[in-house]
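Among the features that TrEMBL reports, domain 'Amidase' is placed at B:25-467. The feature active site, charge relay system is assigned by TrEMBL to B:K79, B:S154. Annotation comment: TrEMBL describes B:S178 as active site, acyl-ester intermediate.
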Amino acid sequence: MALTRDDVLHIARLARIALDEAEVERFRAQLSGILDHFQALAAVDTEGVEPTAHPLPLANVMREDAVQPSLPRDEVLANAPLAEDGYFRVRAVLE
Amino acid sequence: MSELWRLTAHEAHEGLRRREFTSVELTQSVLERVAEVEPTVNAYITLTADLALEQAKEADAKLAAGAATPLTGIPVGVKDLIVTKGVRTTAGSKMLENFIPPYDSHVYENLRRAGAVMIGKCNMDEFAMGSSTEHSAYGPTRNPWNPALVPGGSSGGSAAAVAAGECLVSLGSDTGGSIRQPAALCGQVGLDPTYGRVSRYGIIAFGSSLDQVGPIGRDVEDVATMLDCIGGHDPRDSTTNPEPMPDLRHYLGRDIRGMRIGVPKEYFISGMEPGVAARIEEALGVLEGLGAIVDRDVSLPSTGHALAVYYIIAPSEASANLARYDGVKYGFSDRSAPSMWENMEQTRAKGFGNEVKRRIMLGTYALSAGYYDAYYLKAQKVRTLISREFAEAFARYDVLVTPTSPTVAFPIGAKVDDPFAMYLNDIYTLPASVAGLPAISVPCGFSEGLPVGMQIIGNFFDEGRILQVAHAYEQASGFKNQLAPLAAG
């Protein structure tokens with residue numbers, strides 16, 4: 001499964017990771033090599049086999065819809081790179 | 001007080017109970033050992049010496065009051081993806097270099113309630129992605145048996161700390177082998193509990209359908225004591241088993257006559273070192289000598305597909321879990337560019353290491369439009385086949401026995417630039433992870449002077465049975481309390 005340079009740039013954009021030129025080529029080669037090893041799965045007969053998302057047969061674990069304390073806002077914001085007036089601060093989303 | 005750091009947790013508990021020494025003395029002994037060997041081993045990202053001595057004093061008060069548990073006053077190491085309130089928790093990543101958690105994980109709460117003493121936060125592959133602890137932003141951990149070699153990973157710091165005497169027991173986490181493989185390569189006992197046995201509340205997420213916290217110790221009894229402390233239902237993790245934990249100590253010291261042990265032949269493949277194969281065969285002989293019925297002709301035909309299944313599913317889950325590191329809410333942030341999206345892309349470019357980027361991209365690709373069915377959905381279906389084969393095997397066998405790793409510890413740098421060669425280290429631990437089954441690695445001798453591990457896989461929530469077999473084997477073989485012959489320096 002040979003990925004192209006454009007494939008890698010597309011994946012990196014979806015994952016929001018900036019790559020330099022050397023990284024694009026290195027990841028292109030490495031990811032292509034890894035995907036090659038996955039090709040054997042295509043030959044496995046999975047006709048009528050249900051997918052497993054989770055190893056335990058659990059569904060809809062419920063609890064009472066009761067209000068519970070959350071973490072104090074100032075303690076949470078203490079780890080924020082930039083906070084202002086009790087909010088996280090970011091750069092402009094829209095130009 | 002001479003070299004108290006050499007004691008197992010249960011030996012130390014006896015000494016504390018009998019007032020032969022205090023937890024403060026025990027903790028000081030461990031901290032002195034840390035000062036001696038840590039420059040070589042690098043098992044810890046953050047040492048918490050002052051906190052440890054404070055906790056040891058509290059433990060001594062508890063002991064004096066007769067309110068001690070088996071872990072009261074025992075020095076432990078805690079993998080650095082287990083969040084600890086007020087103590088920096090990095091997950092081995094530059095992304096979380098300055099992250100001070102505002103709350104405690106369930107497992108650390110339980111350790112503290114039991115009175116354990118935390119020596120520090122153990123080194124690991126970044127976000128638990130790796131099999132050698134070389135992918136840490138805080139430098140590699142070195143194998144205490146030979147510092148030129150890796151300790152395994154991703155819980156390499158947790159395993160090396162136990163092997164080097166830098167704590168008595170530790171917590172690691174296992175997604176595809178990250179407790180069992182480093183335990184094997186460092187000559188220790190490591191237990192990956194059933195998925196759902198231990199709460200993941202406060203565990204920095206990697207692959208959420210696979211992640212599980214578990215103990216590493218110098219013998220089987222210590223590992224059972226640790227699981228007893230951290231396991232059980234927690235309403236804050238809805239995947240935890242609501243059934244009460246069985247009394248694990250009940251299984252220790254019981255004989256294994258008539259126990260049905262299956263040995264799947266797919267695990268004995270080319271690429272396994274002859275020394276590993278020989279030690280496993282000897283160990284099977286010991287189990288037979290104890291009266292177990294060993295069947296070497298078991299087949300789990302989908303075993304070979306577990307590697308691809310795991311390396312599609314785990315990176316897919318990781319790509320979603322690690323989307324939270326955006327430089328906005330906490331962690332590293334690069335604000336050099338003028339727009340939010342550029343900030344985010346630069347934050348992730350500079351905050352994540354190569355292996356993490358590789359896995360995020362692999363997972364992103366497997367989940368992306370046009371490839372989801374061929375990769376992610378296909379992997380989930382083959383996951384079902386792997387689970388079915390295990391279920392059929394456990395109808396006929398009580399436990400399954402395999403090697404833990406195809407090789408002994410390898411040189412630092414040998415595989416770090418070849419991602420697929422690194423992934424092959426996990427080939428024997430991945431199938432049980434994919435199925436969510438409990439598995440333990442116990443030391444079973446040496447090959448060319450380096451420790452070899454045997455893996456015992458059990459059925460869902462049957463940790464008691466694998467501990468029973470592991471303990472019986474350990475008592476018969478004498479492979480326990482294997483401190484690495486590491487000189488101070």
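Just so it is clear, glycine is given a Cβ too, placed from its N, Cα and C backbone atoms.
In this entry, nothing among the active-site residues B:K79, B:S154, B:S178 has a C-beta under 8 A from a C-beta of chain A.
If you take every residue in the domain 'Amidase' (B:25-467) and average the pLDDT, you get 97. Other C-beta atoms found within 10 angstroms of the C-beta of B:S154 (active site, charge relay system) number 35, with every protein chain shown included. Summary for the active-site residues B:K79, B:S178: the Cβ-based neighbour count within 10 Å is maximal at B:S178. For the recorded site, B:S178 (active site, acyl-ester intermediate), the DSSP three-state label reads coil. Taking the Cα atom of each, B:S178 (active site, acyl-ester intermediate) and B:S154 (active site, charge relay system) are about 5 angstrom apart.
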